[in-house]
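Structure, as structure tokens:
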Amino acid sequence: MNHDGIHMKFPHDFLFGAASASYQVEGAANKDGKGPTNWDVFSKIPGKTFEGTNGDIAVDHYHRYKEDIRLMAEMGLESYRFSVSWARILPDGDGEVNEKGLAFYNSLIDECLKYGIVPFVTLYHWDLPLALEEDGGWTNKRTAEAFVKYSEICFRSFGDRVKHWITFNETVMFCGLGYLKGAHPPGIQNDEKKYFQATHYVFYAHAKAIEIYKGLKQYGEIGITHVFLPAYSVNDREENLRAAQHANEFETFWYYDPILKGEYPRYVLDVLEEKGWTPEWTEEELDTLRRNAGLNDFIGLNYYQPIRVEKNHETAAVIEHSRETSTLAPGSPSFDGYYRTVKMADKTYTKWGWEISPEGFLDGLHMLKARYGDVKMYVTENGLGDEDPIIDGEIVDVPRIKYIEEHLKVIKKAIHQGINLKGYYAWSAIDLLSWLNGYKKQYGFIYVDHKDGLNRKKKLSFHWYKHVIETRGEEL
Ligand code: BGP
């Protein structure tokens with residue numbers, strides 16, 4: 001056995017998958033009783049999205065899911081991660097159930113199972129029923145309570161066949177972009193108080209939902225997905241090392257601690273106290289976090305890039321944000337002005353300025369292990385956003401193959417080093433709508449031709465991933 005794990009197969013219970021999210025693929029925005037969402041409205045505000053793109057049609061997965069699942073099956077996909085659109089199930093977020101919405105997801109789940117594809121279901125991937133957004137969204141406890149009801153409806157309706165649940169996708173992103181950068185709904189900028197309040201209600205909703213799930217005794221697993229943005233200092237200077245620590249406390253530990261330890265990190269709490277940003281919370285809410293942390297089965301990691309940080313010495317009265325500065329390319333100060341992200345001359349970046357760093361992932365996984373122990377994890381997103389080259393009609397997405405290959409290699413190594421990773425979901429199964437970058441930034445194994453009736457076509461990576469799955473990664 002080679003010590004790096006080379007020429008070993010991935011463990012037999014490791015799932016090779018790919019992911020999507022309702023708003024980014026489904027389309028059918030007003031079909032079959034679906035209610036309007038925050039994104040249906042926000043994406044129509046001029047300047048908010050690249051070229052004014054929106055999810056009204058997206059890639060029409062709602063009507064073409066059978067064709068899409070058939071292609072995924074042909075690729076040998078073992079699991080498909082997708083999200084349920086809350087407003088299809090409960091059009092106003094909190095009232096009557098829409099039977100047609102349930103029927104759609106029942107069919108989608110059954111279609112996966114027909115081919116032996118394990119459905120891995122995200123309950124919230126950012127499309128919030130508009131009625132709830134208009135009532136204060138995640139800053140209002142009512143949204144958390146409505147989420148708990150909605151999740152119970154999903155567990156009861158789909159839980160006989162769905163055994164893998166993710167409550168939320170990337171709390172730091174939808175709250176950060178929603179309340180600090182204004183680049184996602186509700187489009188509010190620099191409101192730290194609301195930002196922390198919203199994150200707290202999300203953690204509370206998560207804890208309540210897992211309690212309900214476990215009470216139903218459906219014997220599946222449930223967890224949460226976080227973006228994983230490990231922060232590294234640009235050099236060994238003390239102030240920059242401290243800046244990296246500060247970034248990890250705010251961008252990682254604030255999100256992982258309440259889920260895995262049932263409490264918030266002291267370091268962040270002290271800063272919030274000092275700045276007057278502490279959320280309004282009750283003993284009952286804090287106790288719910290404490291009580292239910294042990295019920296959480298896994299953490300999903302969406303890893304695209306690390307961040308390189310240094311101490312920020314510029315003091316701007318107000319930090320200006322735009323769509324462009326909100327797309328995670330390095331070069332901006334943190335929301336509290338403490339550190340800034342830096343583009344480094346010796347690193348490699350994608351066309352959208354995201355660093356390519358499989359090693360950054362491996363180091364980050366060890367950081368998580370050191371803090372949280374042997375927690376079970378899935379890579380719930382990882383992939384390359386690119387404008388894919390087309391040569392003689394073929395989509396030759398070699399850079400994507402390289403990207404995924406390098407990341408799968410470090411995942412194999414990590415497993416060998418004792419990291420408890422149980423699956424890999426490439427982002428994305430099929431080309432889809434990027435929230436802020438339209439259709440230009442492609443991620444899929446399956447190409448969608450927007451000039452030709454949204455026709456599907458297999459990319460080179462489709463065949464490559466099929467081979468990886470067939471050989472269980474032995475050649476990586
Ligand atoms: C993650 C989201 C996905 C997806 C991905 C790529 O944060 O969970 O929904 O959008 O990022 O992002 P982008 O489309 O901005 O490249």
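Just so it is clear, glycine is given a Cβ too, placed from its N, Cα and C backbone atoms.
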Worksheet item: Of the candidates Tyr267, Tyr304, which does TrEMBL annotate as part of the substrate site that also includes Gln24, His125, Asn169, Trp427?
Response: Tyr304
Worksheet entry | Length of the line joining the Cα atoms of Glu381 (active site, nucleophile) and His125 (substrate binding site), in Å | 13
Practice prompt. Name the one residue among Gln24, His125, Tyr304, Trp427 whose Cα is closest in three-dimensional space to that of Glu170 (active site, proton donor); these are the binding-site residues.
Written response: His125
Worksheet item: Among the binding-site residues Gln24, Asn169, whose Cβ has the fewest other Cβ atoms within 10 Å?
Response: Asn169
Worksheet item: Where does Tyr304 (substrate binding site) sit by DSSP, helix, strand or coil?
Response: coil
Item to complete: List, in sequence order, the residues of the same chain other than Gln24, His125, Asn169, Tyr304, Trp427 whose Cβ lies within 8 Å of the centroid of the Cβ atoms of the recorded substrate site.
Response: Ala19, Ser20, Ala21, Glu170, Asn302, Glu381, Ser428
